[in-house]
Amino acid sequence: MAYAPENFSNLHYQNNGYLEDNLDLENNGNLIKTKDSASDDHHYHRQVLRTAHNMSSSSLRKKSELSLLSNVSVGFVRRTLSNINEVILGTKLAVLFPAIPLAIIAHCYHFGRPWIFALSLLGLTPLAERVSFLTEQISFYTGPTVGGLLNATCGNATELIIAIFALSKRKIEVVKYSLLGSIISNLLLVLGTSLLCGGLANLKKNQKYDRKQADVNSQLLLLAFLCHLLPLMFRCGSTNSDASAFAILQLSRASSIIMLIGYIAYLFFQLKTHRKLFQADEEVAVDGSDDVVLEEEAVIGFWSGFIWLAGMTVLIALLSEYVVGTIEATSSSWGLSVSFISIILLPIVGNAAEHAGAVIFAFKNKLDISLGVALGSATQISMFVVPLTVILAWILGIEMDLDFNLLETGCLGFSILITAFTLQDGTSHYMKGLVLMLCYIVIGACFFVLRAPFQSTYISNLGLMKSSGGEFLGA
């Protein structure tokens, strides 16, 4: 790549002894590396681990127009404008960013709670995609292992932060519902939509994918299901409710520790020993006809990326607090149960960017990336976010267990099993995706008609029947 020595001084600046931005802006808007930093940039590029999650998010990015910034003479102003251009305007979801200040204004001026909820939910959508972009930018400097760990931690930051805020407000059911909904939506909605759209768009093509990654994720999901099933079976088989509640809590905490150990082993498997199974093939993922932006080098500096990531995390935390604080009022205003909003609406809107990326690659017959997004996210939530939430509740003195009740646990187990059966032969067609989507619609209809927690409603109805001598008095 060419370089222009006369323009080097425009973007060079020192940050804690480290030369952060080794890029320059030509009049045509192309990024140009300095001569003495070219090898370093290639070093960062070679070591970036591009997972299916990164590839999926890249489908929603757009190339930045930097030609106008070359006319800005002040280096600091130009760098600031360049960062804003890359971080804020460098996504196709930039149109949703105004929802963030609108949500803050609605909260400060005490607008209707449903408005605050809706605006906050919309604002979380671009933030989740930008977190993925920023973690990838940081990984150019940190290398694949640290970058992979950062992506593993921040990949589902929205779900984790919402769970933490709900936990701090003692809304344990909201925590369970939202995490359960994220797992089910990834397995049935995202994967189903991807297989359906990919099958219809490639009717005359032989759709195949690598089963190795799907097998590993399926095993971990089945382990997570076992950890949810045992507390439920323990409660149903116990005659002493007080003793069983304590035993379920202890079992859940022990199971959570085991799940976190399993997830750490999974990260070592993914990032070290079997990296090739999880690394997306860029040559396969991107061809001349694909509208996918993959940065060949970092477009923002390390500390700039870190500061932007911290700022995005603060905004996610703020909007998550709004969502948790207004969910009951929204439920009453919209006539929807809290379970339906938490299990269906939150995952659909909050993860819309990631879901859209998976579907886009499925259209292009690149199912390995779509499967990596759906299964990888479901595995991360079930094996990391859920047990971590239980451990955090333990530290805060809150009694949260892995007993998600009979209906919820049954839906989780069915979703995992039908997904494992769907992916067992390594081939795909639109009928598989249609069946998964229909299963998701049925589960959504179930929670739509469920107006109260299943367990409490069932016990209440039994009490009414007994008090009336067997006659059922009301729902």
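Note: Cβ is positioned from N, Cα and C throughout, glycine not excepted.
Taken from TrEMBL, the feature transmembrane segment applies to 93-112, 149-167, 179-201, 216-234, 246-269, 300-324, 336-363, 369-397, 404-423, 429-450. The domain 'Sodium/calcium exchanger membrane region' annotation in TrEMBL covers 115-271, 305-443.
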Contact call for the transmembrane segment (404-423) and the transmembrane segment (300-324): at least 3 Cβ pairs under 8 Å, seq gap 6+: no
Dominant neighbour of the transmembrane segment (149-167) in 179-201, 216-234, 246-269, 369-397, by Cβ pairs under 8 Å: 369-397
Structural state census, the domain 'Sodium/calcium exchanger membrane region' (305-443) (DSSP three-state): 115 helix, 2 strand, 22 coil
The transmembrane segment (336-363) and the transmembrane segment (429-450) contact flag, 3+ Cβ pairs under 8 angstroms: yes
Contact between the transmembrane segment (216-234) and the transmembrane segment (369-397) (at least 3 Cβ pairs under 8 Å, separation 6+): yes
Among the ranges 93-112, 246-269, 300-324, 429-450, the one whose Cβ pairs under 8 Å to the transmembrane segment (369-397) are most numerous: 246-269
Seg_contact(the transmembrane segment (93-112), the transmembrane segment (300-324)) with at least 3 CB pairs under 8 angstroms, min sep 6: yes
